[in-house]
Amino acid sequence: MKLAFLCILSTLLRTFAYNPDHIAGTTPPYLVYLKSDYLPCTGVLIHPLWVITAAHCNLPNLQVILGITNPADPMERDVEVSDYEKIFHHPNFLVSSISHDLLLIKLKRRIKHSNYAKAVKLPQHIVSVNAMCSVSTWAYNLCDVTKDPDSLQTVNVTVISKAECRNAYKAFDITENMICVGIVPGRRLPCKEVTAAPAVCNGVLYGILSYADGCVLRADVGIYASIFHYLPWIEDTMKNN
């Protein structure tokens with residue numbers, strides 16, 4: 001009975017916007033679907049040869065897919081699949097922690113600039129509190145969560161202060177290497193989404209999702225690795241490999 005209720009509620013929520021800034025069905029050109037033999041993750045194209053995602057992603061037999069809106073549809077057009085050469089975890093990442101939760105993927109070939117594949121800009125400064133950001137990832141249909149996600153969605157939410165974030169997540173150490181994006185308090189609606197969603201503010205990548213108690217597509221507060229604070233590692237890794 002509970003499962004049937006969640007299925008009906010999920011269908012209704014997918015029909016109507018979760019908030020006035022909800023968008024569905026369009027793939028941001030920097031967004032990458034990371035398909036594997038485990039759970040998928042969301043990635044971001046930051047260079048024609050490089051994708052960034054969260055280090056907590058487990059990606060055996062990885063496929064890097066660009067331009068996809070519905071991973072459950074094998075007939076979707078304008079999809080580009082790329083092999084990868086090597087994966088680089090941040091050297092300080094620990095599975096038991098949400099700190100330093102970043103991973104770089106070097107592709108085997110350069111991705112050509114197109115309408116559905118374009119590298120996002122990296123930040124030159126820290127993102128400000130109250131900045132408006134777009135958070136994008138794929139959602140599952142709660143009527144059958146055993147299938148691939150079938151709905152690409154974007155929600156527009158704001159960066160919150162460290163104080164607000166620490167109040168929302170008292171059990172976590174919210175460091176200067178993190179940003180938090182979302183609405184306090186969260187909505188806690190039933191949901192299942194692909195992890196490692198990016199926070200892109202004014203066309204610039206500022207965060208990669210490490211953790212959320214709920215779903216970021218429901219505007220729940222997410223804790224993100226702050227891309228600005230990891231630029232030295234990102235740039236050194238790309239330069240030396």
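Cβ from N, Cα, C; glycine included.
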- Message: From the disulfide entries in Swiss-Prot, identify which of CYS165, CYS201 pairs with CYS180.
- Response: CYS165
- Item | Disulfide-bonded cysteine for CYS201 as listed in Swiss-Prot, from CYS7, CYS41, CYS57, CYS133 | CYS133
- Note on the structure: If you consult Swiss-Prot, the disulfide counterpart of CYS57 among CYS7, CYS41 turns out to be CYS41
- Item | Which of CYS57, CYS133, CYS191, the listed disulfide-bonded residues, has fewest other Cβ atoms within 10 Å | CYS191
- Around CYS41 (disulfide bond), which residues of its chain at least 6 apart sit with Cβ under 8 Å of its Cβ? LEU34, THR53, ALA54, CYS57, LEU59, VAL194, THR195, ALA196
- Length of the line joining the Cα atoms of HIS56 (active site, charge relay system) and CYS215 (disulfide bond), in Å: 17
